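Enquirer: Take this structure first; my questions come after.
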Amino acid sequence: MELNDPILVHWLDWDLLARLGIAAIIGLLLGLDRELRGHAAGMRTHGLLCFTSAAMTVSIIALYYEMDAERADPLRLYEAAGAFVGIIGAGLIVFSKGQVHNLTTAAHLWLAAVIGIACGAGQWPLVVIGTIISLVMLSGLRLLERKEQGRLRGIPHEEAAHGPD
């Protein structure tokens, strides 16, 4: 079977469109939090990384089915992609005046890549659970942190939960 065989991947393959489209949408959604907080990697970066990871996964699956089983080692491509995402993340992390910045953003980019891979592989339970947990961790835990910081500083409970006006 050839790589361009229309049975494997074709232009109007709804499964392919769903895998790539959902990856792009989830990537944009994951990047929204970072975008709203003015971090270096926002919606476009997360969206592109998640989409690219899904496209890479679909391509790897197609290549795997085309190659001989003895020569096929698709995990090498994932290793290269992991190194690439690691380099991007390392470039984002800044140590300044005794403080580390953008560590959460770098970790979130890694998560966007993993969710993109899961979308490309059609692992929908992993996609849904990973997206929900990451959104809860970013947004929900921030509310708990504000409440706890406010309690320690003596700020009333409601003001700490919603932030200053």
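Cβ atoms are placed via backbone N, Cα and C, with glycine included.
TrEMBL labels come from automatic prediction, so no person has curated them.
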Enquirer: Taking 45-65, 129-149 as the choices, which stretch does TrEMBL tie to transmembrane segment?
Expert: 45-65
Enquirer: Taking only the residues in the domain 'MgtC/SapB/SrpB/YhiD N-terminal' (20-146), give me the average pLDDT of this model.
Expert: 87
Enquirer: I need to check the long-range neighbours of the transmembrane segment (16-33): which residues 6 or more away from its ends have a CB within less than 8 Å of a CB in the stretch?
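Expert: Counting only partners 6 or more residues beyond its ends, the transmembrane segment (16-33) has Cβ contacts under 8 Å with 9-10, 41-51, 53-55, 58, 108, 111-112, 115-116, 119-120, 122, 127, 131, 134-135, 138-139.
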Enquirer: Where DSSP helix means H, G or I and strand means E or B, what are the helix, strand and coil counts for the domain 'MgtC/SapB/SrpB/YhiD N-terminal' (20-146)?
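Expert: Helix, strand, coil within the domain 'MgtC/SapB/SrpB/YhiD N-terminal' (20-146): 101 helix, 6 strand, 20 coil.
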Enquirer: So if I exclude everything within five residues of the ends of the transmembrane segment (77-95), which remaining residues of that chain have a CB under 8 angstroms from its CBs? That is, six or more out.
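Expert: For the transmembrane segment (77-95), the nonlocal Cβ contacts are 40-41, 49, 53, 56, 60, 101-103, 105-107, 109-110, 113, 117.
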